[in-house]
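Visitor: After the structure tokens below, expect a handful of questions from me.
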Amino acid sequence: MASSSSCRAWHCLLALFLLSSSAYGQLSPSFYAKTCPTLELIVRSTVTKAVLVERRMGASLLRLHFHDCFVQGCDGSILLDDKGSFVGEKTALPNVNSVRGFEVIDEIKKNVELVCPGVVSCADIIALAARDGVVLLGGPSWPVPLGQRDSTTASLNAANSDIPTPDYKLDQLIAAFNKHQLSPRDMTALSGAHTIGYSQCLNFRDHIYNGTNIDPAFATLRKRTCPAQAPNGDTNLAPFDVQTPLVFDIAYYSNLVTKRGLLNSDQELFNGGSQDALVSQYATNPALFPSDFVTAIIKMSKLSPPPGTPTQIRRNCRVVNS
Ligand code: HEM
Ligand SMILES: *[C@@H]1O[C@H](CO)[C@@H](O)[C@H](O)[C@H]1NC(C)=O
């Protein structure tokens, strides 16, 4: 590096610019092309194995990426275990007894460390695993912006306040995504992730018993395995999408149009408000949703911790390097 005496005029500025841009930003799908060329193959084969064992895992990995990126940016903070005085995000209300896939991330990280030790962040592994989960369940593919780094901190408070909950109204949903520079359209497209996966009864009980914007036959169907009195049946699962629970298709949106959204927050997207027209378009034009979803998730994957946040490449995704 140039010493201060030889650091003159624009050469010096250029050097500083290059240095800082390698520390922040500059995310690129080819970030590991030289340092870990087999990364994407390793992730794909490990996720494929996991999805063959349990197809739902494709959905769970997608959700893991969402819950990572909405707290401090996509920084692997959700993976940190509570240990001693360290408090992570795993006990936050939206995560506890709910977020899944940690063992799959561990397995990928183990396999990646064998060939490219100390190079690939846990945050990037989640983003690639989420993409592969979607592809394996029949959804679109996209180039994942890589080069995110792992935080040395986590935020239980932000996990509790920034991850939207199923009782949110449309304006709250829009605000929660806007906080992360995601538009209402991005929000409505990303919510289409609920075309795959399951919810526990405790998250949709209020909607099926007290909701006003719900198809009565659908409510009756869901009540069969979700009793009114908590905590009875709290953890019983129902698919978001009645027809094709583990296929990444547009059924989520056609269900909203017929008032068969599972969560109150799902049905909020088609409830006489600003997103109705877009939901109708997604429900009828099969190419529009995948295309908007890809645009929005690439934006989400680029959310980073604020500049200056200490980061590292964690060796074990569950603990900060000592
Ligand atoms: C718009 C606000 C959102 C709310 C209120 C919300 C809420 C929820 C809830 C309550 C569950 C069920 C959890 C359980 O019962 O254990 C769930 C599951 C899921 N969420 Fe969301 N979510 C939202 C947006 C998103 C986004 C943006 C994504 C991804 C891009 C996503 C992906 C998923 C997936 C794939 C599942 C199923 C996971 C599985 O079966 O393991 N969600 N969500
Ligand atoms: C329905 O709403 C009432 C009034 O807010 C509440 O007391 C009750 O627990 C709700 N029922 C269910 C099943 O969520």
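Placement of Cβ uses the backbone N, Cα and C atoms for every residue, glycine included.
Pulled from TrEMBL, these are the listed features:
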type: ACT_SITE; residues: H67; note: active site, proton acceptor
type: BINDING; residues: D68, V71, G73, D75, S77, E89; note: Ca(2+) 1 binding site
type: BINDING; residues: P164; note: substrate binding site
type: BINDING; residues: H194; note: heme b binding site
type: BINDING; residues: T195, D241, T244, D249; note: Ca(2+) 2 binding site
type: DISULFID; residues: C36-C116; note: disulfide bond
type: DISULFID; residues: C69-C74; note: disulfide bond
type: DISULFID; residues: C122-C317; note: disulfide bond
type: DISULFID; residues: C201-C226; note: disulfide bond
type: DOMAIN; residues: 26-321; note: domain 'Plant heme peroxidase family profile'
type: SIGNAL; residues: 1-25; note: signal peptide
type: SITE; residues: R63; note: site 'Transition state stabilizer'
Visitor: Could you state the CA-to-CA distance between D68 (Ca(2+) 1 binding site) and C74 (disulfide bond) to the nearest Å?
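Guide: About 5 Å separates the two Cα atoms.
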Visitor: Please report the distance from the Cα of C317 (disulfide bond) to the Cα of C201 (disulfide bond), rounded to the nearest angstrom.
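Guide: Between the alpha carbons of C317 (disulfide bond) and C201 (disulfide bond) there are 30 Å.
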Visitor: Looking at the recorded positions R63, C74, D75, which have a C-beta within less than 6 Å of some atom in ligand 1?
Guide: R63
Visitor: Return the residues near C74 (disulfide bond) by Cβ distance under 8 Å, restricted to its own chain and a separation of at least 6 in sequence.
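Guide: The list for C74 (disulfide bond) reads H65, D68, A123, I126, A127, Q148, M300, S301, K302, L303, S304, given in order along the sequence.
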Visitor: Measuring Cα to Cα, tell me the gap between G73 (Ca(2+) 1 binding site) and H67 (active site, proton acceptor) in whole angstrom.
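Guide: Just about 9 Å between their Cα atoms.
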Visitor: May I ask which of the binding-site residues P164, H194, T195, D241, T244 is closest to C226 (disulfide bond) if we compare their C-alpha atoms?
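Guide: Minimum Cα distance from C226 (disulfide bond) across P164, H194, T195, D241, T244 lands on D241.
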Visitor: C122 (disulfide bond): which of the binding-site residues D75, S77, P164 have a C-alpha within 10 angstroms of it?
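Guide: Candidates kept after distance check: D75, S77.
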Visitor: By a simple count, how many Cβ atoms lie within 10 Å of the Cβ of D75 (Ca(2+) 1 binding site), its own Cβ left out?
Guide: 27
Visitor: Within 8 Å of the Cβ centre of T195, D241, T244, D249, which other residues of the chain have their Cβ, at the recorded Ca(2+) 2 site?
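Guide: Going along the sequence, the neighbours come out as I196, F240, Q243, P245, L246, V247, F248, I250, A251, Y252.
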Visitor: Nearest to E89 (Ca(2+) 1 binding site) by Cα distance: which of the recorded positions C36, T195, D241, D249 is it?
Guide: T195
Visitor: If you measure R63 (site 'Transition state stabilizer') to H194 (heme b binding site) at Cα, how many Å is it?
Guide: 9
Visitor: For the binding-site residues E89, D241, D249, work out the Cβ neighbour count at 10 Å and name the residue with the minimum.
Guide: D249
